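K.L.:
Take this structure, written in structure tokens, and hold onto it; I'll ask about it next.
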Amino acid sequence: MLSLIDPVTLLLASLIIFTGALTQSLIGFGLAVVATPLLYIVDPELVPAPVIAMGFSIALLTLVRERGHLEFNGLQYALLGRLPGGLIGATLLLLAPQPILGLTIALIVAVAVFLSLRKYSIKINRLSLFIAGIFSGIFGTVAAIGGPPMALLLAGKDASQFRAALSAFFIFSSLIALIILGCFGLLTLRHLWLSLLLLPSVFLGFLVAGRLVGRVDKEKTRVLTLALCALSALLLTIKSSLALING
């Protein structure tokens with residue numbers, strides 16, 4: 001199985017996934033936003049399928065922890081929106097060359113950082129949930145970053161309800177994304193093996209976060225996470241732009 005990936009690449013990828021899982025377990029978001037741009041720099045094959053699989057894993061762990069706070073009312077409309085959004089995202093993955101995908105991922109990360117810094121109040125109804133689901137589907141299928149549109153909509157909820165609702169959404173939406181990728185021929189056996197190799201990093205990040213809850217400043221962690229995301233998006237933009245110019 002280790003022949004699927006260079007040991008140094010695996011070590012770097014595991015460290016990135018661990019950091020993302022740790023961050024998400026502490027503040028409610030971070031795995032995909034942190035991991036996707038960095039993993040795309042390390043090895044583009046690690047995006048999006050393995051990151052989506054890791055997102056499913058951390059969402060499942062979080063939901064088990066926060067299950068008493070779950071309110072699923074209306075989320076089915078967002079999941080319905082994931083279908084057309086996922087199809088649009090998969091089409092982009094098929095048609096766009098690698099440098100363009102890199103720039104697209106960097107843009108999605110930049111949008112995610114921007115939305116995380118702003119405070120918006122959007123009425124939650126069937127239409128807003130469906131529209132958020134569409135954008136979540138596009139972002140999630142292209143870059144495994146389907147959280148920001150939904151996080152923006154659910155921001156007014158209690159922290160535990162917020163984490164539980166997002167986790168429930170991501171469990172189902174990740175499965176939808178993986179099925180769509182499979183139908184488009186963008187999910188291979190290699191992606192599944194790579195996901196298995198990276199899975200221990202998710203569990204380790206989740207367990208370490210459990211030890212750190214109450215000991216770290218969540219707001220400082222959030223700011224540092226967003227700064228890391230912005231920096232990684234910038235690096236990916238530079239790398240993809242150079243590849244586009246030289247190509």
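Positions of Cβ are set from backbone N, Cα and C atoms, glycine also.
Curation does not apply to TrEMBL; its annotations are automatic.
TrEMBL lists these features:
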- 47-64: transmembrane segment (TRANSMEM)
- 76-94: transmembrane segment (TRANSMEM)
- 100-117: transmembrane segment (TRANSMEM)
- 129-152: transmembrane segment (TRANSMEM)
- 164-187: transmembrane segment (TRANSMEM)
- 194-213: transmembrane segment (TRANSMEM)
- 225-245: transmembrane segment (TRANSMEM)
K.L.:
Using a Cβ cut-off under 8 Å, which residues of the same chain at least 6 positions beyond either end of the transmembrane segment (164-187) come close to it?
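P.N.:
Counting only partners 6 or more residues beyond its ends, the transmembrane segment (164-187) has Cβ contacts under 8 Å with 28-29, 48-49, 52-53, 55-56, 59-60, 62-63, 66-67, 69-72, 75, 78-79, 82-83, 86-87, 89-91, 93-94, 133, 136-137, 140-141, 144, 146-147, 150-151, 154, 157.
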K.L.:
Counting CB pairs under 8 Å, which listed stretch among 47-64, 76-94, 100-117, 194-213 touches the transmembrane segment (129-152) the most?
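P.N.:
Ranked by Cβ pairs under 8 Å, first place goes to 76-94.
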K.L.:
Please give the sequence-distant neighbours of the transmembrane segment (76-94): residues at least 6 beyond its ends with Cβ less than 8 Å from one of its Cβ atoms.
P.N.:
48, 101, 104, 126, 129-142, 146, 150, 153, 169, 172-173, 176-177, 180-181, 183-184, 186
K.L.:
Before we move on, state whether the transmembrane segment (225-245) and the transmembrane segment (100-117) share at least 3 Cβ pairs under 8 Å, counting only pairs 6 or more apart in sequence.
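P.N.:
They do touch: at least three Cβ pairs between the two stretches lie under 8 Å.
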K.L.:
Any residues 6+ beyond the ends of the transmembrane segment (194-213) with a Cβ under 8 Å from its own?
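P.N.:
Result: 1-2, 4-5, 10, 13-15, 17-26, 31, 45-46, 49-50, 53-54, 57-58, 61-62.
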K.L.:
Give residue numbers and ranges for long-range contacts of the transmembrane segment (100-117): same chain, 6 or more residues beyond its ends, CB-CB under 8 A.
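P.N.:
Here the qualifying positions are 29, 33, 36-37, 40, 44, 47, 92-93, 139, 142-143, 145, 147-149, 151-152, 222, 226, 229-230, 232-234, 236-237, 239-241, 243-244.
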